[in-house]
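Among the features that TrEMBL reports, signal peptide is placed at A:1-23. Look at TrEMBL and you will find A:26-126, A:128-227 tagged as domain 'Fibronectin type-III'. What TrEMBL lists as transmembrane segment is A:234-253. Annotation source TrEMBL lists region 'Disordered' at A:361-387, A:425-452. Per TrEMBL, compositional bias 'Polar residues' is recorded for A:365-382.
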Amino acid sequence: MRRNIATDLILSILFSVVTNTVCITPPGKPKITSCRSPEKETFTCWWEPGYDGGLPTTYALYYRLETSETVYECSDYHTAGPNSCYFNKNDTSIWVNYNITVVATNRRGTNYSDPVDVDVVYIVQPHTPENVTVLVKADEQGPYLRVSWEKPRNADTSSGWITLVYQLRVKLKNQDEWEEHDVGQQKTFNVFSPHSGGTYMVQVRCKPDHGLWSEWSTTSYIQVPDYITRERSMWIIIAIFTVLVFIILTWILNLKRSSVKHCLLPPVPGPKIIGIDRNLLKNGKSEDVFNALVIPGFPPSDYEDLLVEYLEVYDSENQELMLDGKDLQEGCLKLKSPSDNDSGRGSCDSHTLLMEKVAKEEPTLESSQQEVEAETPSTASLQPEYAQPSAWPTVLAPDQPYQLDSPWKSLPDVFISPPVSPQLKCTTGPKHKKGLYEPSINGLEGKGDSMVSSPRTMEYVEVQRVNQQNVLLLRPLAEQNLGSHTTSVEMPEEDYSKVKGVTSNNVLLLQQEVSTQYISDQEETCPMMQQTQLGKPVVHHPPAVVPSGMQLTSNGYVDTATY
Amino acid sequence: MAKVCLLLPALLVLSSMGHVEPSENQRLFRHAADRMKSLHLMAVNMISDFENSLDFDDRVEIGSNFLLSNCFSDSIQAPTNREEIQKSTLLKVLRISYQLLVSWEYPSQAFSGTLTNSLKPNAITDRLTDLKMGLRIIIMEHLTGQSTVEEYLSAPAVFDESYLNDGAPGKIYSLMACFRRDIHRVETFLRVAHCRVSPKECLP
């Protein structure tokens, strides 16, 4: 029994000794967590105690100022709560560094915290703003939220000791992100265009000019009533108005579609040909269309009168004219329209050049004509004499066919018979332009010298009509003016003479000498022509006198243009 | 009529002597307080950049020496809390502010090599000079003729030029800390003086 009690006693003593040896230690090192000043007049420091060592531990805060070596102990450990030290206004100096240390002490020992240097100016963290209120206000722009608050207590902003700036944050109740706004030194803020029917949460905080932000104020809630925004209502009105305008325009366009179509797409005027029926064209009956083009009564029966062709007939004086009615149709002369002075025949065929040639060849002509006259009584055949062809273009070479490629080709070959004279001669002298025919009458031989020496004249004829053999039927203009019957150009039946002149009684003065110029192909026809003419009486025997005032051309023909 | 005629030249003389209208006086106070706030921010950024540029050993040295260092401007007796400022006159507050600015005008040139962020080398010195001139005008407006300006603004703190001979980082850091503190003091003094002159601009 005694052994048990003693054993228990010894074991308990040992246990307590061991326990005290393990758990009882000096206190752990405390740690100063923060020091804050709410208004830059007082401040508070908090610390975190360490392990107490199993023993009751006391904590003390000691501080000293920068400018002195004196160590002061905190005078108020209760105002700010446990493990804190409150420095009142008397103990707080601004713009001075505090060196603060916390000491933990227990029965086993003491432990010091790390020293902390504190300048009150840079540890100012004011209280949260007070009386944060949110109201829904409305103006002409629409409803908005007006947030207002008060400065935190104990903050002396009126004297300028402390300057506070504020910050606000707001969000809808169902949102996660806050919307922050820097407000400055003012104490009101407006939130415009809130969501209709939404619930907003608002918080405010503040900060001194060189300090720390305060905590956020308690959340303020506000319910926004349902409304239609001004902008949305405006867009609704604009949309309705636009739709109405569109409907009205569509209706108007539908009513006036024809006139609009005519205005925008005017019909293109189609070609209008008198006599053409568009319906016939559409029907596709070309025969009817072409028949419609036919104008009744056209050409007129007397269309022959419309065919007016003024031809200049040239013939060399040196070439004797052989008249043969049949052969005459084979083509002899080419007649030239007076309006076609140089139509495709080259410069050699121009009237001007012709006149020059005639002027040059005149002496030759005169000599040749004189030879012919000398032989007149006995000469009954034409001996076409060709002058030297040097002055002639190649187209008029003797070995070339008569018919040449020229604009005159369209005209049928026409034979112009000189006035009928048994002594008519067809002489060929210096070649003039092809087709130049200068008939002369033998009766004028006596005065042939003078006649020959005088410039040859031209006879103008009028194309009366074209027969079926493509022969031009000509009529001298002089006969027409005289009112004489027209003579056909059918060489075999009519006599032609060189017109010397016209008397005052409108009588043609014809020359009996015949001087024509033919190329080699005409040699056959010339004599034939001559023969034809010899068999027929002369229509007019030209007197030997040329009336005064008359102008004879170089070839002896009367220039009717002088009338 | 004769009195009016005499007042006009008196006003002209006063204006030529630098007399400032009350509205202009308020504007000068507000302007000085704003410029001091900007200068204080510059000092805070300067010392922060300097701390970041130091290596670990230099930071330890700074921590150990800072507790024992004193600022050369401590010789200027200045209010240390709100009650003391409230009890000081306006002229006293302005004078202390002027003395602090003048005291730092020369030593601030030592900071030209440490300024960063595109600031000019003598940006702090130039701002101090401008503020000194503006504060002088304000003080002249409030002097009641008891003494001249030069006498009133005498005895600034003297800076020991040999303090920075060794170029130790700890000394430079200590000098920067002192500068930051004094600039903040001047800013507070001028703001209190402004609110005292224009209470409407410092509504609660």
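The backbone N, Cα and C atoms fix where each Cβ goes, and this holds for glycine too.
Regional average pLDDT for the domain 'Fibronectin type-III' (A:128-227) in the model is 92. Note on the domain 'Fibronectin type-III' (A:128-227): DSSP counts are 0 helix, 53 strand, 47 coil. The DSSP breakdown of the domain 'Fibronectin type-III' (A:26-126), given as helix, strand and coil counts, is 4 helix, 47 strand, 50 coil.
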